[in-house]
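Some notes on the structure that comes next.
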Amino acid sequence: MSIMVPSTTPALIPPGRQTLDSALHQLDQAAEHLGLDDGLRTMLATPRRSLTVSVPVRREDGRLDVVQGFRVQHNVSRGPAKGGLRFHPTTDLDEVTALAMWMTWKCALVGIPYGGAKGGVAVDPTGLTTRELERLTRRYVSEIMPLIGPEKDIPAPDVGTDEQTMAWIMDTYSVSAGYAVPGVVTGKPATLGGSLGRSGATSLGVQIAALAALGRSPEGVTVAVQGFGKVGALAAQHLSDAGCKVVAVSDVTGAVHARGGLDIARLRAYVSETGGVRGFHHGDAMSHDDLFELDVDVLVPAALEGAITEVNAPRIRARLIVEGANGPTTPAADEILAASGTTVVPDILANAGGVIVSYLEWVQNMQAYSWSAGEVEGKMRDLLLNAFTEVRSVAAERAMTLRQAAHVIGVGRVADAHQMRGLYP
Ligand SMILES: NC(=O)C1=CN([C@@H]2O[C@H](COP(=O)(O)OP(=O)(O)OC[C@H]3O[C@@H](n4cnc5c(N)ncnc54)[C@H](OP(=O)(O)O)[C@@H]3O)[C@@H](O)[C@H]2O)C=CC1
Ligand SMILES: O=C(O)CCC(=O)C(=O)O
C-alpha cells in the first residue's frame, strides 16, 4: 500500500480527506522504513471502530436541529483508546479518523498505555447557548455510550470543548452507570477529579519541547503563535514566562503584532473580555498570512490542520516550528521545510503534554488518589523529555526528520504490540 503526496492540493478534495491523506502518508513512510508487510500496514491504516451518530439538539426557540457526531477508535492494541473531543463546524469522519490515528502514535511515542481515539461533532459551539451546548453534549455522549468507559475509551478536551464539556460527559456517563465514574473522561474540573495542571499541560509541553529544540537560552528568542485558544494562549504565556519575546499571535478574529513583544497576560485578559485578539491596542493589526512570514526564531501553529502548506512554506523564515496543533503542516510543506533546513518538532511530540497529563489524571482517578501540581508537572516533563531525546537520536542515527523519527518510534511500538499479541495472523 502506498500513498502519494500530491504536489498540489486539489481544491475539490475536502479538508478532512486532505488531513487523512497526510496522516496516511506519514504512516506509509514509517511503515516503509520499518519494513512492515502489507497486511499490517492495512491494519494500521484502518480504524478499529468508527461510529457516526445523529445528534438532535432542541434550540431555545423550540426548533430541532440535527448535527452529525463521530467517535473513532483508531487502535486499542496497547490499552484503552484515548483522545479529545472536537466541536467544530467542518469536522467530518475523515478528519476525526486522522486525528485518532495521530493519537495512537502519540501515546505510543511517549510511552503511555493507550491506543488512539478522537471524537467530533460538526457544530459551531459559539452559535449555541450554554443550555443548548449541554443538551448537545449529553445527547452525543448517550449516543456513543457503548464505546466509552474508563477501561475502553476516555475522551478529553480538544478544539471547541473545555472542562465544562468534560463535566457534562462525566455526569451523563455516571448517571447511566449509577455511580460516579471520574475516570471516563480527562480534562475535568479539579472538583470532579480533574488533575492539577491538565488545563495548561499541552501548552507547557509546547514550551518544554520548544526550549529543548532551541538548545540555547530563550532570552529574547522571538516567537509567533497562530491560534489563541486553550493551547496557543497558554503556550504564548509559557514561552513569554521563559524569557521569549512573543511578537505576534492570531485567532479567527485577526492577528496582532508588536515588534518589541506582546504583553501576553494583558492580551489574554483582553481576549476574555472581548472574545478575540482583534482590536488589541498594545499591538498592530496584521493579516493572518503575514504572521507565518514574520522574521521570527520560532513559529507555533496552534489552531487547526493544514495551516502550513506548499504555498506558504517557502516564505516561512522561522528556523524552528513547534506544532501545538495536530496536523498543521502538510506533507508537501514538510518536504519544503526539510529542504530549507527548518526544524519541525512534530505534533505527536510537541503537543503530547496534554495527553500525558490526561494519563496522569486517569491514573489518579483509577487509584482514587491525587498528586500535587509539582508531582504532575515533574512526571509529565520526564515523559516528554525522554520522548524528545529518543526522537532526536533516532532522527540523527537514521538521517530523517523529527516527524519521520517520531512516527518510526510510535508506529513501530504499535506494530510490535500487534505482533506480540498475535492479533495479526
Ligand atoms: N486542548 C488540548 O489539550 C489539545 C489540543 N491540541 C490541538 O491544538 C489545536 C488547538 O486546540 P485548542 O487550543 O484546544 O482549541 P481551542 O478551540 O481552544 O482554540 C483554537 C484556536 O484556534 C483559533 N483558530 C482557528 N482557526 C484559525 C485560523 N485560521 N487562524 C488563526 N487562528 C485560528 C481559534 O480562534 P477563535 O478563538 O477566534 O475561534 C482559537 O483561538 C488543535 O489542533 C488541537 O487538536 C493538541 C493536543 C491537546
Ligand atoms: O488529553 C487527551 O486525552 C487527548 C488530547 C488530544 O486530543 C490530543 O492530544 O490531540
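Every residue gets a Cβ built from N, Cα and C, even glycine.
Copied over from TrEMBL, here are the features:
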type     : residues        : note
BINDING  : K82, K106, S358 : substrate binding site
ACT_SITE : K118            : active site, proton donor
SITE     : D158            : site 'Important for catalysis'
BINDING  : T202            : NAD(+) binding site
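Structure with TrEMBL features highlighted.
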| residue | record | CB count, 10 Å |
| --- | --- | --- |
| K82 | substrate binding site | 29 |
| K106 | substrate binding site | 27 |
| K118 | active site, proton donor | 31 |
| D158 | site 'Important for catalysis' | 26 |
| T202 | NAD(+) binding site | 30 |
| S358 | substrate binding site | 28 |
For the C-alpha pair, I'd like the distance in angstrom between D158 (site 'Important for catalysis') and K118 (active site, proton donor), rounded off. 9
Restricting the recorded positions K82, D158, T202, S358 to those with Cβ under 6 angstroms from ligand 2 leaves K82, D158, S358
Of the binding-site residues K82, K106, T202, S358, which one has its Cα closest to the Cα of the residue listed as 'active site, proton donor'? K82
Cα separation, the residue listed as 'NAD(+) binding site' to K82 (substrate binding site) (Å, whole number): 15
Quick note, S358 (substrate binding site) and the residue listed as 'NAD(+) binding site': C-alpha atoms separated, nearest Å, by 10
DSSP three-state assignment for K106 (substrate binding site): helix
Listed recorded positions are K82, K106, K118, D158, T202, S358; which sit with C-beta under 6 angstroms of ligand 1? D158, T202
Using the centroid of the Cβ atoms of K82, K106, S358 as reference, list every other same-chain residue with Cβ within 8 Å of it (recorded substrate site), in sequence order. G83, M103, C107, I112, Y114, G116, A156, A352, G354, V355, I356, Y359
To the nearest whole angstrom, what is the C-alpha distance linking K106 (substrate binding site) and the residue listed as 'NAD(+) binding site'? 13
Assuming the binding residues for substrate are exactly those in the record, K82, K106, S358, what is the maximum CA-CA distance in angstrom, rounded? 13
